[in-house]
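Here's the structure, in structure tokens; my notes come after.
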């Protein structure tokens, strides 16, 4: 049979166990539900995490002696307090600390006070600095724009100068070619005339030299211009040519424009200068229809006959 003292000891142990469990649960609930009033208390929670449960326990128990705390509950409370302190510390660091030289060309913001506000003096300096930076950027942009416009105008000027130069060179080339072509034609005409003037004497043809041919052609033309009205037979005799050869030479000169005049059906050549020919044409246009007699009479005053008489021309 079990004695009464055994029941007494069991009851005391049971009561002590109940009290221990009750106090442990109260401490855990107090550690979990304690509010954090501000950021400074949360930042310091990691430092006082160890002393806070001890002070709460001393206030609850008063003068009662300390007892052994439950190791598991204490570790959990400390871990929670440290976790809260670390999270709050990261938030504070994120608000107040700026990474140095995150990106080249970005200025550091002004220092933030613990209250999160910027001082008026610091703010004014920051605004002035930003204004100077904006002004520098605007001036730099303006300089770049001026450089771009100047480069564009210079390129346009060079392009225009090149176009004018090419145009001038093309014009000079065309003039040079035209002069060369004119000289070539004149030389060919001269060669034709030179080959045409052949002195035939006693059935023997003798080709003149270049100097003789040129002198002969000049003499031939001057004789006609001086005579104004010349018989083709007399001209051929004077030049030492056959009559048909003289007629052919005159026709060649008329075609080339060296001489101007007419050959009538009586074997005469009448030389008329371009000015006299224009005067006759003007007379015909003014009178309208003109007879041969009227034209012959007008020719006496419009055409200078030289040494020959007008009667010779009309004859």
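We count from 1, first residue shown onward.
Note: Cβ is positioned from N, Cα and C throughout, glycine not excepted.
The feature compositional bias 'Basic and acidic residues' is assigned by Swiss-Prot to 34-43 (among others).
The compositional bias 'Basic and acidic residues' annotation in Swiss-Prot covers 125-184 (among others).
Reduced to three states, the DSSP call for residue 268 (UFM1 cross-link) is strand. Other Cβ atoms within 10 Å of the Cβ of residue 268 (UFM1 cross-link) number 19 in total over all chains. Taken from Swiss-Prot, the feature UFM1 cross-link applies to 268.
Per Swiss-Prot, domain 'PCI' is recorded for 230-274.
Per Swiss-Prot, the feature region 'Mediates interaction with CDK5RAP3' maps to 1-115; the stated evidence is similarity to another entry.
Under the heading region 'Disordered', Swiss-Prot lists 30-184.
For the region 'Mediates interaction with TRIP4' (119-217), the model's pLDDT averages out at 82. Annotation source Swiss-Prot lists region 'Mediates interaction with TRIP4' at 119-217, citing similarity to another entry.
If you look up Swiss-Prot, you'll see 217-315 marked as region 'Mediates interaction with UFL1', on the strength of similarity to another entry.
For 29-315, the entry in Swiss-Prot reads topological domain 'Cytoplasmic', with the evidence type a curator's inference.
Per Swiss-Prot, transmembrane segment is recorded for 1-28, and the stated evidence type is similarity to another entry.
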DSSP on the domain 'PCI' (230-274): how many residues come out helix, how many strand, how many coil? 23 helix, 9 strand, 13 coil
Per DSSP, what is the residue tally for the compositional bias 'Basic and acidic residues' (125-184) in helix, strand and coil? 60 helix, 0 strand, 0 coil
